[in-house]
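Trainee: The following block contains the structure, expressed as structure tokens.
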């Protein structure tokens with residue numbers, strides 16, 4: 001397949017060559033020379049699906065008719081506009097999510113990447129991820145996405161049980177999933193991630209562990225475990241509400257998660273985030289930006305972003321949400337160059353709350369250096385060092401606070417939500433009192 005432009009062809013070839021030379025061995029790769037405010041990840045939302053899954057409440061639509069050329073033009077325009085408004089000079093990763101972006105034309109993916117390459121620097125080892133569903137991504141189509149510049153796939157496998165797949169409203173079978181996974185690994189060796197869900201109605205620990213063991217015979221170097229969340233407004237929620245299905249058992253889900261983590265550790269996977277496991281250094285660079293509270297631009301209907309617009313003097317980060325409905329979003333992009341519906345300036349405390357809640361999702365946690373990038377006056381020791389409730393969490397081995405920073409233990413990662421019930425109020429209280437003290441041993 002031909003790409004729409006020689007620059008995109010050259011960039012895709014360079015990316016593939018760099019990918020052969022080396023793998024990303026740590027989160028974020030080599031330090032970038034640009035200041036943090038000039039760097040960002042880019043998320044591109046494709047809002048369309050073949051059908052709505054029974055558990056999903058994401059911003060997605062079943063198109064009655066689709067003029068992809070118009071959608072492509074608007075995605076390109078909004079990407080260019082947001083890059084200009086943000087002053088971002090280096091894009092460190094691109095993630096095509098949805099919806100089902102594997103339903104988009106590879107030409108659309110190539111056009112977006114070409115536009116971004118014209119507006120910002122793209123490193124040769126740029127991670128470009130595409131979410132794919134097995135039924136919308138036969139091998140020939142995956143190869144075309146590779147030619148367009150995609151070098152990493154995230155496959156929504158969800159289950160290897162056909163009964164569970166039907167319950168979830170998925171359009172693929174377990175055989176479809178494994179066939180697509182095998183083809184993806186052939187085309188993108190070492191760069192394929194799969195999702196596996198747990199905590200479904202009537203799901204039992206033993207059969208689910210059997211699925212995980214089976215998946216280990218087929219998967220690549222990245223795997224995500226996600227617990228089902230029953231969302232109001234979904235078909236699955238309604239079935240549980242009216243008693244047609246049993247409510248998921250949270251204790252069984254917790255056991256699945258704990259035993260699943262142990263199985264993956266024995267298989268050589270490193271848990272680098274609450275839901276994510278990797279081996280051979282195959283971490284998700286794009287998602288790492290989220291967990292480290294880096295800047296990211298959200299392009300497409302309903303996309304979310306976090307960046308400092310140039311008009312704000314480059315000092316106030318904003319949370320941004322694009323217009324949800326695709327037709328309205330396209331009208332706004334054609335009129336204004338972007339479809340931003342909501343802008344919320346983030347105060348310093350709000351930003352620190354995000355740094356805390358997101359950073360503790362990772363095994364690295366929050367280093368002192370990283371914290372000081374967001375709050376140079378109030379240290380982690382100031383906030384958490386003398387609090388009795390936090391000390392109890394440290395003594396129970398759920399948290400660690402030392403010369404490296406603040407992080408969860410292996411046991412603590414599994415109960416992070418409960419830890420944040422203590423940590424976030426303590427941060428808020430310390431912020432109100434703000435009386436920095438010397439660092440122990442400093």
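Here the Cβ of each residue, glycine as well, is placed from N, Cα and C on the backbone.
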Trainee: Swiss-Prot has 99, 100, 158, 170 binding S-adenosyl-L-methionine 2. Which one of 195, 220, 221 is in the same site?
Mentor: 195
Trainee: Which of these, 98, 149, 169, does Swiss-Prot list as part of the S-adenosyl-L-methionine 1 site with 43, 131?
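Mentor: So the S-adenosyl-L-methionine 1 site in Swiss-Prot includes 43, 131 plus, from the candidates 98, 149, 169, 98.
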Trainee: For residue 99 (S-adenosyl-L-methionine 2 binding site), what is the tally of other C-beta atoms lying within 10 angstroms of its C-beta?
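Mentor: I count 24 other Cβ atoms within 10 Å of it.
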Trainee: Please tell me which one of the binding-site residues listed here (43, 56, 98) sits closest to residue 158 (S-adenosyl-L-methionine 2 binding site), measuring Cα to Cα?
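Mentor: With Cα distances computed to residue 158 (S-adenosyl-L-methionine 2 binding site), the winner among 43, 56, 98 is 56.
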Trainee: Filter the binding-site residues 43, 98, 131, 170 down to those whose C-alpha lies within 10 angstroms of the C-alpha of residue 53 ([4Fe-4S] cluster binding site); answer none if the list is empty.
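Mentor: Hits: 170.
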Trainee: Of 43, 49, 56, 131, which is closest to residue 195 (S-adenosyl-L-methionine 2 binding site) if I measure between C-alpha atoms? They're all binding-site residues.
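Mentor: Spatially nearest to residue 195 (S-adenosyl-L-methionine 2 binding site) by Cα position is 131.
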Trainee: Taking the centroid of the Cβ atoms of 99, 100, 158, 170, 195 as the S-adenosyl-L-methionine 2 site, which other residues of that chain lie with their Cβ within 8 Å of it, listed in sequence order?
Mentor: 53, 56, 131, 133, 156
Trainee: CA-CA, which of the binding-site residues 49, 56, 170 lies nearest residue 98 (S-adenosyl-L-methionine 1 binding site)?
Mentor: 49
Trainee: In Å, rounded, how far does the Cα of residue 43 (S-adenosyl-L-methionine 1 binding site) sit from the Cα of residue 100 (S-adenosyl-L-methionine 2 binding site)?
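Mentor: Per the Cα atoms, residue 43 (S-adenosyl-L-methionine 1 binding site) and residue 100 (S-adenosyl-L-methionine 2 binding site) stand 14 Å apart.
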